[in-house]
Amino acid sequence: MALNVVILAAGKGTRMRSDLPKVLHPIAHKSMVQHVIDTAHSIGSNAIQLVYGYGADKLKSALGEQQLNWMLQAEQLGTGHAVAQAIPNIDDNDTVLILYGDVPLIQASTLEALLAARPDNGVAILTVNLSNPTGYGRIVREQGKVVGIVEQKDANAEQLAINEINTGIMAVPGKALKTWLGRLSNNNAQGEYYLTDIIAMAHADGVEINTAQPQSAIEVEGANNRVQLAQLERAYQAREAEKLMIAGANLRDPSRIDIRGEVTVGMDVMVDVNVIFEGKVVIGNNVSIGAGAILIDCEIADNAEIKPYSIIEGAKLGVAASAGPFARLRPGAELMQDAHIGNFVEMKKAVLGVGSKAGHLAYLGDAQIGAGVNIGAGTITCNYDGANKHLTVIEDNVFVGSDTQLVAPVTIGKGATLGAGSTITRDVGEDELVITRVKQKHLTGWQRPVKIKK
């Protein structure tokens, strides 16, 4: 049977107090509904039906050109009515998995367990036991078998005492789902078409109903307001931090780290507090990352060090390279083995060769820098002429004095020395010494101006 996923994402989310549709509010810089979509893809979904309503334009803009079937729910008449909008894209032989766009922490392993629990031609529902089940639909059993789900507002005193609750997530055979949805009624306390009513129909039809449970109740928590959104964010971060520690990272304080993408770590990685990871970050063995650093879409090789408050974006650090504190590597920057940049050095589309150093206060853009090069404080590669970018090439073992400007395009030959305060506008040959600053003058008897008293 093909797996067909229906994601309900039509709600406005009034309690969010926002113009943004509820499901677009982010967890770890990714919308809640995108988390759900990604999880659906990860379990091998053949098709995803996204049932939408409020904020259609914003939803379509945010989710882009993904492989989704957009199914409009013009009126919000209940969960059963929402799922019914997807019927045109459901085949009789499909296994239909129903998910929710505001339940972002559901794990692939939980959904796989749910699908495995579904009997042939039967139903599987995801349930959880809560000490305080108030507000949730209760799982009604007779002699241990599920016979129905009753919503909070429709439950009697005996049913309200039940601790096993419905998460709303279920796996249903396509043909039966179509039949049951067609038989739904809105004759209930809320005047809605409850999806949960199909469970009683399944029981009445003699269909076997199994249950599965998540590893943690937080997986099935939704977010209806910003407080709950923040709680889900913290839960997500705790889960991701745990993965890093299991993989070999030592987190100084696991509660003070933000992971907003896919992070891969080697062994004995040290991560100080308030570090942010975004996008795809790959970190080797024995890497040290200082407090307040931000790593975005970057690769860090073994034994490298990122000192506090440095920003590494779209860049690479080679073996035993170091950056910071307060350094910035922008897209296309690369530090080769044993290379170092210090505080307030910025690089973009530039390579700093093996063992080369730029200790402080420099801008290196559109530059190819060889091995064993020293970049003095205040050095700037003047790479932009107002219209186009140009390349600076600094070959091996060059010494660049402090406060030097290199006006690109320009090449500095091997072993050359550039005197402090020079402005280099022409190529420099190998082993040459170049000084372009004006001759120093000594004016004796000169008096400094004084303020005129008024």
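Cβ atoms are placed via backbone N, Cα and C, with glycine included.
Listed in sequence order, GLY342, ASN343, PHE344, VAL345, ALA377 are the same-chain residues six or more apart from HIS360 (active site, proton acceptor) with CB atoms under 8 A from its CB. Classification of HIS360 (active site, proton acceptor) by DSSP places it within a strand. According to Swiss-Prot, the feature active site, proton acceptor maps to HIS360.
According to Swiss-Prot, the UDP-N-acetyl-alpha-D-glucosamine binding site annotation covers 8-11, LYS22, GLN73, 78-79, 100-102, GLY137, GLU151, ASN166, ASN224, ARG330, LYS348, TYR363, ASN374, on the basis of sequence analysis. In the three-state DSSP scheme, GLY11 (UDP-N-acetyl-alpha-D-glucosamine binding site) is classed as coil.
According to Swiss-Prot, the Mg(2+) binding site annotation covers ASP102, ASN224. Within the same chain, residues at least six positions away from ASN224 (Mg(2+) binding site) with a Cβ under 8 Å of its Cβ are GLY13, ARG15, MET16, LYS22, ASP102.
Look at Swiss-Prot and you will find ALA377, ASN383, TYR384, SER402, ALA420, ARG437 tagged as acetyl-CoA binding site, backed by sequence analysis. The Cβ neighbour count for ALA377 (acetyl-CoA binding site), using a 10 Å radius over every protein chain in view, is 19.
Swiss-Prot lists 1-226 with the feature region 'Pyrophosphorylase', giving sequence analysis as the kind of evidence.
Residues or ranges marked as region 'Linker' by Swiss-Prot: 227-247. Listed as Cβ neighbours of the region 'Linker' (227-247) (distance under 8 Å, sequence separation of 6 or more from its ends, same chain) are residues 16, 25, 27-28, 32, 104-105, 218, 221, 254-255, 257-259, 263-265, 269, 271.
Summarising the annotation, Swiss-Prot assigns region 'N-acetyltransferase' to 248-454.
Note: the Cα of GLY78 (UDP-N-acetyl-alpha-D-glucosamine binding site) and the Cα of TYR384 (acetyl-CoA binding site) are spaced 59 Å from each other. Between the alpha carbons (Cα) of ASN383 (acetyl-CoA binding site) and ARG330 (UDP-N-acetyl-alpha-D-glucosamine binding site) lies a span of roughly 15 Å. Counting every protein chain shown, the number of other Cβ atoms lying within 10 Å of the Cβ of SER402 (acetyl-CoA binding site) is 18.
Residues near GLY101 (UDP-N-acetyl-alpha-D-glucosamine binding site) in space but far in sequence (CB under 8 A, at least 6 apart, same chain), listed by position: ILE7, LEU8, ALA9, LYS22, VAL23, MET32, VAL33, VAL36, LEU50. The average pLDDT for the region 'N-acetyltransferase' (248-454) in the predicted structure is 98.
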